[in-house]
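The structure under discussion appears below in the form of structure tokens.
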Amino acid sequence: MENGGGGGGDGGKSDVPADANEHCPGTQSEEAGKADACAGCPNQQICATAPKGPDPDLVGIVERMATVKHKILVLSGKGGVGKSTFSAQLSFALAEMDCQVGLLDIDICGPSIPKMLGLEGQDIHQSNLGWSPVYVESNLGVMSIGFMLPNPDDAVIWRGPRKNGLIKQFLKDVDWGEIDYLVVDAPPGTSDEHISIVQYLQATGIDGAIIVTTPQQVSLIDVRKEINFCKKVGVPILGVVENMSGLRQIREASEVFDSSKGGAEKMCNEMGVPFLGKVPMDPQLCKAAEEGRSCFVDQKCSASAPALKSIVKKLIENQD
């Protein structure tokens, strides 16, 4: 059973699933699945048969990640808030600053990064050093399950353990080389993929998470959960980005989502986390994402590109 970051039976142990019985001995205990306290627990069978002790693959992950200077997770509470668009444009921005960048897509069931980077139809190649990323530019490599699907319309219908196995393989086997930033685009919510990426990367050092939201309360409710998840598992929060923050037109701005409650900035003040800035809804940014290109290479994204550049600049300054 994957670590749940506490929260279940015995809240003092870090390997107790959230839905465990009271007095759970922990998933790594020799008594896991066998103790009296395990009777009736939904995790009993898998805990009883799962291998115990440290994961031997973690050593390989630590060795592989030793060549990666900074690791940034991009998260969201809900889908459809522009998280993958932000991940893609953050990666383009860092690459255009002459950084060596890797973009890892762990949204196993909804891999949109290949399209947003203009890499649809590309294949993964293997060498004696491992899997080679697919490169947009010489300093921007990408890895995604989207490159592994025979048909882009194929549904990925996997349970948690298989998803976790692929994430582990991405971290252990992809040969990124010496890079400055690894940007990890995660699926929405707080599920198996999030627990796995944190568990596998924790020993290598995670710089932190950027959380993307839209201004309205229905999105912010879930962002609060995402923030609490990060705090519980010990991932620093680099900041929150409010996306689709109004629609900028030539001479005026109009509100798209209700931000009368203060939006993401007010929530950040209440929860004590950094607010990185607002990105307005920009049809040209949507078009850039659809066409798989950077929004920074021309003047078309005149509303969104300056806002994104400001956020990236703030992010880098906060890391120095």
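Just so it is clear, glycine is given a Cβ too, placed from its N, Cα and C backbone atoms.
Just so you know, TrEMBL annotations never went through curation; they're auto-generated.
The structure displayed is predicted, hence computed values, not measured ones.
TrEMBL has this to say about the protein:
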REGION    1-34  region 'Disordered'
COMPBIAS  1-11  compositional bias 'Gly residues'
BINDING   CYS24, CYS38, CYS41, CYS47  [4Fe-4S] cluster binding site
BINDING   GLY77, LYS78, GLY79, GLY80, VAL81, GLY82, LYS83, SER84  ATP binding site
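Residue pair GLY77 (ATP binding site) / CYS41 ([4Fe-4S] cluster binding site) shows a Cα separation of 28 Å. Among the binding-site residues GLY77, GLY79, GLY80, GLY82, the residue whose Cβ has the fewest other Cβ atoms within 10 Å is GLY80.
With a 10 A radius on its CB, CYS47 ([4Fe-4S] cluster binding site) counts 26 other CB atoms from all the protein chains.
Of all the binding-site residues listed (CYS24, CYS38), CYS38 has the fewest other CB atoms within 10 A of its CB. The ATP site is defined by GLY77, LYS78, GLY79, GLY80, VAL81, GLY82, LYS83, SER84, and by the 8 Å test on Cβ atoms against their centroid, the other residues of the chain that qualify are SER76, PRO188, VAL212, THR213, THR214, SER219, ASN243. Distance noted between the C-alpha atoms of GLY82 (ATP binding site) and CYS41 ([4Fe-4S] cluster binding site) is 38 Å.
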